[in-house]
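Annotated features in TrEMBL:
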- GLY7, ALA8, GLY9, LYS10, SER11, SER12, ARG113: ATP binding site (BINDING)
- SER11: Mg(2+) binding site (BINDING)
- ASP29, ARG53, GLY75, ARG131: substrate binding site (BINDING)
- 233-342: domain '3-dehydroquinate synthase N-terminal' (DOMAIN)
- 345-487: domain '3-dehydroquinate synthase C-terminal' (DOMAIN)
Amino acid sequence: MLVGFSGAGKSSVGRDGAGRLGMPFVDLDEAVAQRAGASIPELFRAEGEAGFRRREAEALAALLEPGGRVIALGGGAWARPEVRALLGPSDLALWLDLPFEEAWRRVASEPGRPLVEALGEEGLRRLYEERLPAYGLADGRLAVDGLSVAEAGARLARWWRARPQAVVRPDVHAPGYPVHLRPRLLEEAGPIWGEAGVEGDVLVVSQHALEPHAPLLARSLAAAGVSARWHWMDEGEEAKTPSAVAAIWHAALEMGLDRGGTVVAFGGGVVGDTAGFAAATFVRGVRWVALPTTLLAQVDAGIGGKVGVNLPQGKNLVGAFHHPRLVLADPAVLDTLPERERAAGMAEVVKSLLLAGPEPLAGLEAAVEEGLPAWEPFIVASVRLKAATVACDPREAGVRAILNLGHTVGHALEAVTGYGRYLHGEAVAVGLVTALLLSQRLAGLDPEWTRRTAVLLRRLKLPLDAPALHDPALAPDFRRALRYDKKARRGEVRFVLLEAPGRPRVGVPVEREAVEEALAQQVRLAESLGAAEGPGAPGSER
Ligand SMILES: NC(=O)c1ccc[n+]([C@@H]2O[C@H](COP(=O)([O-])OP(=O)(O)OC[C@H]3O[C@@H](n4cnc5c(N)ncnc54)[C@H](O)[C@@H]3O)[C@@H](O)[C@H]2O)c1
């Protein structure tokens, strides 16, 4: 989507760039006129500006359907929050930036510009200045002054080819943040740092397991002219503590990090949550960049701005919403990730695909059948689902709760087993099976989906059930853990259930008997698909 003031060349540059990219080009004003069967001045006369704006938003919404195209927006459309809110995670806006003097020189001599006649030079300058902040909310900026149409079109095409895989837009009044996801990104990230405004001092928080990849990151930061200090935190869930946050604050103080500085979280969800929380609180907030290095963090923890640490009384009890400025996910770093951690990450992928719809899930089933030759498309699909959900509900007040599918029992299982036996994703796999069995009963889910999902999870070497869920000695703890789950309101246990893949239902109250029956069914289902191995088995402590 090309945005910018009149005269910036949105149509000519857009047409040129679209040609280079082999994409269709659409001028939004023309699309509005075509849909309405009337010219823009006629629409203004008949329906006023309000009618035109409504038609403009409808036409744009139709054009943003899947299938790449370059769209030139009218000068004022982008300034309207309702229009910006239409952008999905894979739609991008590029601002063609031209100084006012040059824009005026171009439009003043062009016939058929009603705004020019109506406002004159001073009026138009005021409009330009009013719109500038909105143009600054675009995902990229291309300075077009002094460029020919062909040069600008070539730069547009280059920008598009290097685009992020998704943009998370938690606030229509602020720029979104890009999620770049491709192999070898770590080495090639140099230019991206600058584009995201990361400059000055950087504190990289990481863990020793990431040391093999650290030189690549160090080189890319050095190439961007950034001076970095490294802070190594301990491994494991038990390291996600307030004292780990304090250690990061101290490291930041020692290096003299100020409010212009950046914290880079280079690791899995533990590093992201802890370093992100340290960034949210240090000098009342510095920016941070997520470089997620586990599958779970790439598809989930690295995106969405939820940061925080555990207390002895429970997980994630202290935290904040603090979105990263940028997410850089390099699937190549997953090569060194232990197999069990990879499998655990796949549980969140399966969850995302269940939320996305039947086709994405069937796509993963087919890929797993072939030995999962490439998981990048599934990471991208999960990232886009999370980005779209976060955009609708940045502070988890409503629809974002769908992401808790499988987490009610998953969290309770982690709690009763002391966070030591199951990886988060493994507990989510078990919780997904419970949620699907409950969905059959309470939301009309076709049992075939439960069976297919269970087969998929088993193929991915994930547990379908956990002995701890059926241990009478742990039953009171489990019930307590369920009741105290943050998703449980007024003592009721509320689940996210599925009517069908792609059709979640949030906050469904579920009685204890129903949970217990589902757990009994879960044992039978797991047994029918082969004996449970791995974490649930005795002697498999982490
Ligand atoms: N903020 C959120 O929205 C959100 C969402 C989901 C989960 N989480 C949190 O994420 C945490 C779990 O994250 P996780 O599963 O990434 O675990 P983790 O961060 O503990 O990482 C798992 C292990 O893998 C190692 N590791 C990481 N990357 C590696 C690599 N590329 N090669 C080799 N080893 C590597 C780590 O050092 C660690 O030992 C939990 O604390 C959970 O609460 C947060």
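A Cβ is built for glycine as well, from the same backbone N, Cα and C atoms used for every other residue.
Nobody curates TrEMBL annotations by hand; they come from automatic prediction.
Predicted, not measured: the structure shown is a model, and the values here were computed from it.
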Alpha-carbon distance [ARG131 (substrate binding site); LYS10 (ATP binding site)] in Å: 16
The domain '3-dehydroquinate synthase C-terminal' (345-487), counted residue by residue under DSSP: helix, strand, coil: 106 helix, 0 strand, 37 coil
Cα separation, ASP29 (substrate binding site) to ARG113 (ATP binding site) (Å, whole number): 13
For the domain '3-dehydroquinate synthase N-terminal' (233-342), mean pLDDT (0 to 100): 95
C-beta crowding around GLY7 (ATP binding site), within 10 angstroms: 24
Least Cβ-crowded entry, counting other Cβ within 10 Å, from the binding-site residues listed as LYS10, ARG113: ARG113
Most Cβ neighbours inside 10 Å, all chains, among the binding-site residues SER11, SER12, GLY75: GLY75
Secondary structure tally of the domain '3-dehydroquinate synthase N-terminal' (233-342) (DSSP, helix then strand then coil): 50 helix, 30 strand, 30 coil
